[in-house]
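Data first, discussion second: the structure below is written as C-alpha coordinates.
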Amino acid sequence: MDWGDAHLPVCSGSTPLAGPSLLIHGGAWAIPDDEIPAHLDGLNRALARGRQLLERGESALRVVVGVVTVLESHPAFDAGVGAVLDRDGRPQLDAGVMDGSSLAWGAVAGVRTVANPVQLASHLVHSSGQARFMVGEGAERFAAEAGMPHVEPERLIVARERERFEALRASNSFHTSDAFSGASGGRSASGASGVDSAPRGTVGCVALDARGQLAAATSTGGAPYTRPGRVGDSPIVGSGFWADTSAALSATGWGEAISTVQLCARTADAIASGAAPAEASGARLTQMREQIRWPGASPATGGLISLSASGVGGWAFTTPRMARGGWTPEGGAWACVERE
(Lines of atoms letter the chains of each structure in order from A and count residues from 1; the text may use other names and numbers.)
(Lines give C-alpha, C1' and ligand atoms only; values in the text may rest on other atoms or scores of the structure.)
Protein backbone atom coordinates (compact mmCIF):
# COMPACT_ATOMS: atom_id res chain seq x y z
CA MET A 1 0.00 0.00 0.00
CA ASP A 2 1.31 3.43 -0.92
CA TRP A 3 0.97 5.82 1.99
CA GLY A 4 2.46 8.79 0.16
CA ASP A 5 4.37 11.09 2.47
CA ALA A 6 4.61 10.92 6.24
CA HIS A 7 2.43 13.96 6.94
CA LEU A 8 -0.64 12.01 8.00
CA PRO A 9 -3.12 13.59 10.43
CA VAL A 10 -3.05 12.33 13.98
CA CYS A 11 -5.32 9.35 14.56
CA SER A 12 -6.62 8.95 18.12
CA GLY A 13 -9.24 7.06 20.05
CA SER A 14 -10.44 6.44 23.58
CA THR A 15 -12.34 3.89 25.60
CA PRO A 16 -13.74 3.72 29.14
CA LEU A 17 -11.85 1.09 31.09
CA ALA A 18 -13.85 0.56 34.27
CA GLY A 19 -12.14 -1.58 36.89
CA PRO A 20 -8.88 -3.49 36.37
CA SER A 21 -7.86 -2.93 32.76
CA LEU A 22 -4.98 -2.57 30.34
CA LEU A 23 -3.88 -1.16 27.00
CA ILE A 24 -1.04 -2.49 24.87
CA HIS A 25 0.81 -1.56 21.69
CA GLY A 26 3.10 -3.32 19.26
CA GLY A 27 4.56 -0.32 17.47
CA ALA A 28 3.38 2.50 15.20
CA TRP A 29 4.60 2.39 11.60
CA ALA A 30 3.53 1.38 8.07
CA ILE A 31 2.73 -2.22 9.04
CA PRO A 32 2.51 -4.19 5.76
CA ASP A 33 -0.72 -6.04 5.00
CA ASP A 34 0.98 -9.43 5.12
CA GLU A 35 2.33 -8.78 8.63
CA ILE A 36 -1.01 -7.79 10.16
CA PRO A 37 -2.07 -11.37 11.12
CA ALA A 38 1.16 -11.93 13.06
CA HIS A 39 0.78 -8.60 14.85
CA LEU A 40 -2.81 -9.40 15.82
CA ASP A 41 -1.75 -12.83 17.02
CA GLY A 42 0.91 -11.30 19.25
CA LEU A 43 -1.48 -8.69 20.61
CA ASN A 44 -4.15 -11.26 21.42
CA ARG A 45 -1.69 -13.54 23.18
CA ALA A 46 -0.49 -10.64 25.30
CA LEU A 47 -4.05 -9.55 26.12
CA ALA A 48 -4.91 -13.08 27.24
CA ARG A 49 -1.96 -13.02 29.62
CA GLY A 50 -2.92 -9.60 30.92
CA ARG A 51 -6.49 -10.70 31.54
CA GLN A 52 -5.25 -13.75 33.44
CA LEU A 53 -3.03 -11.65 35.69
CA LEU A 54 -5.65 -8.96 36.36
CA GLU A 55 -8.37 -11.50 37.14
CA ARG A 56 -5.95 -13.13 39.56
CA GLY A 57 -5.62 -9.83 41.39
CA GLU A 58 -1.98 -9.16 40.50
CA SER A 59 -0.51 -5.68 40.82
CA ALA A 60 -0.36 -3.36 37.83
CA LEU A 61 3.43 -3.67 37.92
CA ARG A 62 3.32 -7.46 37.61
CA VAL A 63 0.73 -7.17 34.86
CA VAL A 64 2.75 -4.86 32.60
CA VAL A 65 5.89 -6.97 33.04
CA GLY A 66 3.99 -10.17 32.27
CA VAL A 67 2.26 -8.73 29.22
CA VAL A 68 5.41 -7.20 27.73
CA THR A 69 7.25 -10.49 28.31
CA VAL A 70 4.73 -12.14 25.97
CA LEU A 71 5.24 -9.43 23.37
CA GLU A 72 9.04 -9.71 23.64
CA SER A 73 8.76 -13.45 23.03
CA HIS A 74 6.68 -13.04 19.85
CA PRO A 75 8.79 -12.65 16.66
CA ALA A 76 6.38 -10.19 15.02
CA PHE A 77 7.72 -7.29 17.06
CA ASP A 78 10.98 -5.37 17.42
CA ALA A 79 11.62 -6.50 20.99
CA GLY A 80 13.35 -9.61 22.32
CA VAL A 81 13.08 -12.38 19.73
CA GLY A 82 12.77 -10.78 16.30
CA ALA A 83 14.50 -7.53 17.24
CA VAL A 84 16.19 -5.54 14.48
CA LEU A 85 19.98 -5.70 14.11
CA ASP A 86 22.54 -2.94 14.54
CA ARG A 87 25.38 -2.18 12.12
CA ASP A 88 27.39 -5.03 13.60
CA GLY A 89 24.58 -7.46 12.77
CA ARG A 90 23.62 -7.99 16.42
CA PRO A 91 20.50 -7.22 18.48
CA GLN A 92 20.72 -4.71 21.31
CA LEU A 93 17.71 -4.51 23.60
CA ASP A 94 16.28 -1.75 25.82
CA ALA A 95 13.37 -1.72 28.29
CA GLY A 96 11.85 0.40 31.04
CA VAL A 97 9.26 -0.23 33.77
CA MET A 98 7.58 2.14 36.26
CA ASP A 99 5.28 1.70 39.25
CA GLY A 100 2.92 4.66 39.49
CA SER A 101 2.16 4.36 43.20
CA SER A 102 5.77 4.61 44.37
CA LEU A 103 7.40 6.25 41.31
CA ALA A 104 9.96 3.44 41.46
CA TRP A 105 11.32 2.57 38.04
CA GLY A 106 13.97 0.47 36.37
CA ALA A 107 15.52 0.48 32.91
CA VAL A 108 18.19 -1.32 30.91
CA ALA A 109 19.81 -0.53 27.58
CA GLY A 110 22.15 -2.20 25.14
CA VAL A 111 21.75 -5.74 26.47
CA ARG A 112 22.40 -8.60 24.08
CA THR A 113 22.22 -11.77 26.17
CA VAL A 114 18.83 -11.33 27.89
CA ALA A 115 15.73 -12.53 26.05
CA ASN A 116 13.30 -10.52 28.18
CA PRO A 117 14.83 -7.17 29.13
CA VAL A 118 11.55 -6.02 30.69
CA GLN A 119 12.07 -8.61 33.42
CA LEU A 120 15.58 -7.34 34.02
CA ALA A 121 14.26 -3.78 34.26
CA SER A 122 11.66 -4.95 36.77
CA HIS A 123 14.42 -6.27 39.04
CA LEU A 124 15.77 -2.72 39.20
CA VAL A 125 12.37 -1.44 40.35
CA HIS A 126 12.94 -3.50 43.49
CA SER A 127 16.60 -2.53 43.93
CA SER A 128 15.89 0.00 46.71
CA GLY A 129 17.13 2.77 44.47
CA GLN A 130 20.74 1.52 44.42
CA ALA A 131 20.50 1.46 40.63
CA ARG A 132 17.68 2.50 38.36
CA PHE A 133 19.27 2.45 34.91
CA MET A 134 21.93 -0.07 33.83
CA VAL A 135 23.53 -0.60 30.43
CA GLY A 136 25.50 -3.14 28.46
CA GLU A 137 27.84 -5.56 30.18
CA GLY A 138 27.01 -4.25 33.64
CA ALA A 139 23.32 -4.86 33.08
CA GLU A 140 24.06 -8.37 31.83
CA ARG A 141 26.13 -9.12 34.94
CA PHE A 142 23.22 -7.88 37.05
CA ALA A 143 20.93 -10.23 35.12
CA ALA A 144 23.16 -13.17 36.03
CA GLU A 145 23.15 -12.12 39.69
CA ALA A 146 19.34 -11.94 39.56
CA GLY A 147 19.21 -15.51 38.25
CA MET A 148 18.09 -14.68 34.74
CA PRO A 149 19.21 -17.14 32.04
CA HIS A 150 22.01 -16.16 29.66
CA VAL A 151 20.89 -16.28 26.02
CA GLU A 152 23.24 -16.29 23.06
CA PRO A 153 22.43 -13.30 20.80
CA GLU A 154 22.00 -15.59 17.79
CA ARG A 155 18.91 -17.10 19.44
CA LEU A 156 17.20 -13.71 19.25
CA ILE A 157 17.80 -13.28 15.50
CA VAL A 158 15.15 -14.31 12.98
CA ALA A 159 15.73 -14.80 9.25
CA ARG A 160 13.64 -11.74 8.39
CA GLU A 161 16.01 -9.47 10.30
CA ARG A 162 19.16 -11.10 8.94
CA GLU A 163 17.86 -10.40 5.42
CA ARG A 164 16.92 -6.84 6.39
CA PHE A 165 20.37 -6.23 7.80
CA GLU A 166 22.04 -7.37 4.58
CA ALA A 167 19.78 -5.12 2.48
CA LEU A 168 20.45 -2.05 4.63
CA ARG A 169 24.17 -2.70 4.70
CA ALA A 170 24.17 -2.87 0.91
CA SER A 171 22.24 0.41 0.62
CA ASN A 172 24.80 2.26 2.78
CA SER A 173 22.39 5.19 3.22
CA PHE A 174 20.14 5.26 6.26
CA HIS A 175 19.04 7.78 8.86
CA THR A 176 17.65 6.55 12.19
CA SER A 177 14.46 8.54 11.63
CA ASP A 178 13.77 6.71 8.37
CA ALA A 179 12.55 3.66 10.25
CA PHE A 180 9.71 5.64 11.80
CA SER A 181 8.65 7.95 8.96
CA GLY A 182 6.00 5.73 7.40
CA ALA A 183 7.38 6.65 3.99
CA SER A 184 6.91 4.10 1.24
CA GLY A 185 7.72 3.55 -2.38
CA GLY A 186 10.97 1.75 -1.61
CA ARG A 187 13.03 4.75 -0.53
CA SER A 188 13.17 6.74 2.68
CA ALA A 189 13.82 10.43 3.27
CA SER A 190 17.55 9.81 3.33
CA GLY A 191 17.43 7.77 0.13
CA ALA A 192 17.87 4.33 1.69
CA SER A 193 16.03 1.60 -0.16
CA GLY A 194 14.34 -1.43 1.37
CA VAL A 195 13.45 0.40 4.58
CA ASP A 196 9.71 0.84 4.20
CA SER A 197 8.88 -2.72 5.32
CA ALA A 198 11.38 -2.85 8.20
CA PRO A 199 9.61 -3.67 11.48
CA ARG A 200 9.50 -0.93 14.08
CA GLY A 201 7.41 -2.86 16.60
CA THR A 202 8.48 -1.42 19.92
CA VAL A 203 6.05 -2.90 22.47
CA GLY A 204 4.41 -1.52 25.58
CA CYS A 205 1.68 -1.93 28.17
CA VAL A 206 -0.14 0.27 30.68
CA ALA A 207 -2.38 -1.21 33.37
CA LEU A 208 -4.75 -0.26 36.18
CA ASP A 209 -5.19 -2.89 38.90
CA ALA A 210 -7.97 -3.63 41.38
CA ARG A 211 -6.37 -1.32 43.95
CA GLY A 212 -6.45 1.59 41.53
CA GLN A 213 -2.69 1.59 41.01
CA LEU A 214 -1.05 2.24 37.64
CA ALA A 215 2.08 0.93 35.94
CA ALA A 216 3.78 1.16 32.54
CA ALA A 217 6.39 -0.81 30.61
CA THR A 218 8.09 -0.39 27.22
CA SER A 219 10.57 -2.66 25.43
CA THR A 220 12.39 -2.41 22.10
CA GLY A 221 15.16 -3.67 19.88
CA GLY A 222 15.74 -0.09 18.72
CA ALA A 223 16.05 1.15 15.17
CA PRO A 224 17.26 -1.07 12.31
CA TYR A 225 20.90 -0.78 11.25
CA THR A 226 21.63 1.74 13.99
CA ARG A 227 25.06 2.49 15.43
CA PRO A 228 26.07 0.07 18.19
CA GLY A 229 25.49 1.79 21.52
CA ARG A 230 22.66 4.00 20.28
CA VAL A 231 19.84 4.32 22.83
CA GLY A 232 16.39 5.61 21.90
CA ASP A 233 13.51 6.68 24.11
CA SER A 234 12.19 3.33 25.32
CA PRO A 235 14.38 2.98 28.45
CA ILE A 236 14.37 6.69 29.29
CA VAL A 237 11.95 7.49 32.10
CA GLY A 238 9.51 10.24 31.11
CA SER A 239 10.21 9.73 27.43
CA GLY A 240 9.44 6.14 26.46
CA PHE A 241 7.47 5.25 29.58
CA TRP A 242 5.91 6.89 32.62
CA ALA A 243 3.48 6.09 35.44
CA ASP A 244 2.33 8.08 38.45
CA THR A 245 -0.92 8.35 40.42
CA SER A 246 -2.68 10.16 37.57
CA ALA A 247 -1.72 8.26 34.42
CA ALA A 248 0.42 5.55 32.84
CA LEU A 249 1.90 5.86 29.33
CA SER A 250 4.03 3.96 26.83
CA ALA A 251 5.45 5.45 23.62
CA THR A 252 6.75 4.19 20.31
CA GLY A 253 8.36 5.94 17.35
CA TRP A 254 11.51 7.89 16.59
CA GLY A 255 13.39 7.76 19.88
CA GLU A 256 15.55 10.83 19.43
CA ALA A 257 12.47 13.00 18.89
CA ILE A 258 10.44 11.39 21.68
CA SER A 259 13.30 11.91 24.13
CA THR A 260 13.70 15.54 23.08
CA VAL A 261 10.09 16.40 23.93
CA GLN A 262 9.85 14.04 26.95
CA LEU A 263 6.69 12.69 25.39
CA CYS A 264 5.28 10.48 28.15
CA ALA A 265 5.94 12.76 31.14
CA ARG A 266 4.58 15.86 29.43
CA THR A 267 1.49 14.02 28.27
CA ALA A 268 0.99 12.73 31.81
CA ASP A 269 1.16 16.31 33.09
CA ALA A 270 -1.58 17.29 30.65
CA ILE A 271 -3.77 14.39 31.80
CA ALA A 272 -3.18 15.34 35.45
CA SER A 273 -4.34 18.85 34.57
CA GLY A 274 -7.64 17.52 33.25
CA ALA A 275 -7.03 16.68 29.58
CA ALA A 276 -8.51 13.45 28.22
CA PRO A 277 -5.84 10.81 27.50
CA ALA A 278 -6.55 10.59 23.75
CA GLU A 279 -6.65 14.35 23.31
CA ALA A 280 -3.47 14.90 25.33
CA SER A 281 -1.64 12.15 23.43
CA GLY A 282 -2.71 13.45 20.03
CA ALA A 283 -1.77 17.02 20.88
CA ARG A 284 1.71 16.07 22.08
CA LEU A 285 2.41 13.89 19.05
CA THR A 286 1.30 16.65 16.70
CA GLN A 287 3.46 19.15 18.55
CA MET A 288 6.46 16.81 18.36
CA ARG A 289 6.11 16.43 14.59
CA GLU A 290 5.89 20.21 14.18
CA GLN A 291 8.83 20.97 16.48
CA ILE A 292 11.38 18.39 15.34
CA ARG A 293 12.73 19.41 11.93
CA TRP A 294 16.31 18.18 11.87
CA PRO A 295 18.30 18.35 8.59
CA GLY A 296 18.31 15.07 6.71
CA ALA A 297 15.72 13.50 9.00
CA SER A 298 12.23 12.24 8.26
CA PRO A 299 9.27 13.80 10.13
CA ALA A 300 9.08 12.95 13.84
CA THR A 301 6.26 10.42 13.94
CA GLY A 302 5.18 8.08 16.71
CA GLY A 303 2.44 6.58 18.80
CA LEU A 304 1.31 6.63 22.41
CA ILE A 305 -1.03 4.67 24.69
CA SER A 306 -2.27 6.24 27.90
CA LEU A 307 -4.46 5.21 30.81
CA SER A 308 -5.75 7.54 33.50
CA ALA A 309 -6.46 6.70 37.13
CA SER A 310 -10.11 7.54 36.48
CA GLY A 311 -10.34 4.60 34.10
CA VAL A 312 -10.19 6.30 30.72
CA GLY A 313 -7.81 4.88 28.13
CA GLY A 314 -6.54 6.60 25.01
CA TRP A 315 -4.20 6.13 22.08
CA ALA A 316 -2.88 8.30 19.29
CA PHE A 317 -0.44 7.94 16.41
CA THR A 318 0.86 9.92 13.44
CA THR A 319 1.91 6.90 11.38
CA PRO A 320 -0.04 4.88 8.78
CA ARG A 321 -0.89 2.15 11.30
CA MET A 322 -0.42 1.28 14.96
CA ALA A 323 -0.74 -2.17 16.51
CA ARG A 324 -2.78 -1.73 19.67
CA GLY A 325 -5.32 -3.44 21.90
CA GLY A 326 -6.95 -3.49 25.28
CA TRP A 327 -8.95 -5.45 27.81
CA THR A 328 -11.55 -4.59 30.44
CA PRO A 329 -13.85 -6.92 32.42
CA GLU A 330 -16.98 -5.44 30.87
CA GLY A 331 -15.83 -4.98 27.28
CA GLY A 332 -13.49 -7.94 26.90
CA ALA A 333 -10.44 -7.88 24.61
CA TRP A 334 -9.93 -6.05 21.33
CA ALA A 335 -6.98 -5.58 18.98
CA CYS A 336 -6.46 -3.67 15.71
CA VAL A 337 -3.85 -1.98 13.55
CA GLU A 338 -5.83 0.30 11.21
CA ARG A 339 -6.52 4.02 11.37
CA GLU A 340 -10.08 4.69 12.51
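Glycine is no exception: its Cβ is also placed from the backbone N, Cα and C atoms.
Range annotated as region 'Disordered' by TrEMBL, chosen from 178-197, 218-237: 178-197. Each of the binding-site residues Gly232, Gly253, Gly255 was ranked by the number of other C-beta atoms within 10 Å, and first place falls to Gly253.
Here the Cα atom of Gly232 (substrate binding site) is found 11 Å from that of Thr202 (active site, nucleophile). On the backbone, the CA of Gly253 (substrate binding site) and the CA of Thr202 (active site, nucleophile) stand 8 Å apart. Taking CA atoms as the reference points, Arg230 (substrate binding site) and Thr202 (active site, nucleophile) are 15 Å apart. Note on Thr252 (substrate binding site): other Cβ atoms within 10 Å of its Cβ, all shown chains, come to 35.
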